[in-house]
Amino acid sequence: MESLAMIRPLTAALLLAGALGAAPAAQAQEQTTADGEKYNMVIVYGDQPCEASADPAVITVCARVGDQYRIPEPLRGVDSPKSDSWTNKVTAYETVGAFGTLSCSPVGAGGSLGCTQKLIDQAYAERKNGSNVKFGELIAAEREKRLSTIDTDAADHQKRVEEAEKVYLEQQKKQQAAQDAAEGSAPATPQP
């Protein structure tokens, strides 16, 4: 009977402590500045709306984060060792100590014969996992584009140069004619 009497106050004390502990947790969302302004910081994910506070005196600040359950960008890589399947890892472990014919090792007869097959397998794997971008074709296309316009660009440049030379020669002729006219109208001065 005495133990039951001890449990009731203990339970009441625990409930009271739990209630007092829950009050600061509920207030943790709303914070107050030194000026007395209240603000609420909320994290929203994806396209979730940023809901305003019911109290007009509380400023709601929303921080928008990407999708909540999406795998982060650095962990999405296809070529990373982390995303390699267990089958490929086991196959790699099986061939670590391989030697002999078709093993691509200097140990054993015919060990070097496997190197060609290994190179072929690597090339197919790179082609399968690689991008479809072929830089050689991109460079050739850009070179072709530049070469297709080089003749017209050169002709346009030559035309502009010839026009500039023509204008320059006409200006020189006008200046020479003006100078000759000035010398012809001026009285000839005797030479000593």
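All positions are counted from 1 along the displayed chain.
Note: Cβ is positioned from N, Cα and C throughout, glycine not excepted.
Annotated in TrEMBL:
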SIGNAL    1-28  signal peptide
REGION    147-192  region 'Disordered'
COMPBIAS  147-173  compositional bias 'Basic and acidic residues'
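Sorting the region 'Disordered' (147-192) by DSSP state (H, G, I as helix; E, B as strand; all else coil) yields 39 helix, 0 strand, 7 coil.
Tertiary proximity for the compositional bias 'Basic and acidic residues' (147-173), restricted to same-chain residues at least six positions away from its ends with a CB under 8 Å from its CB atoms, involves no residues.
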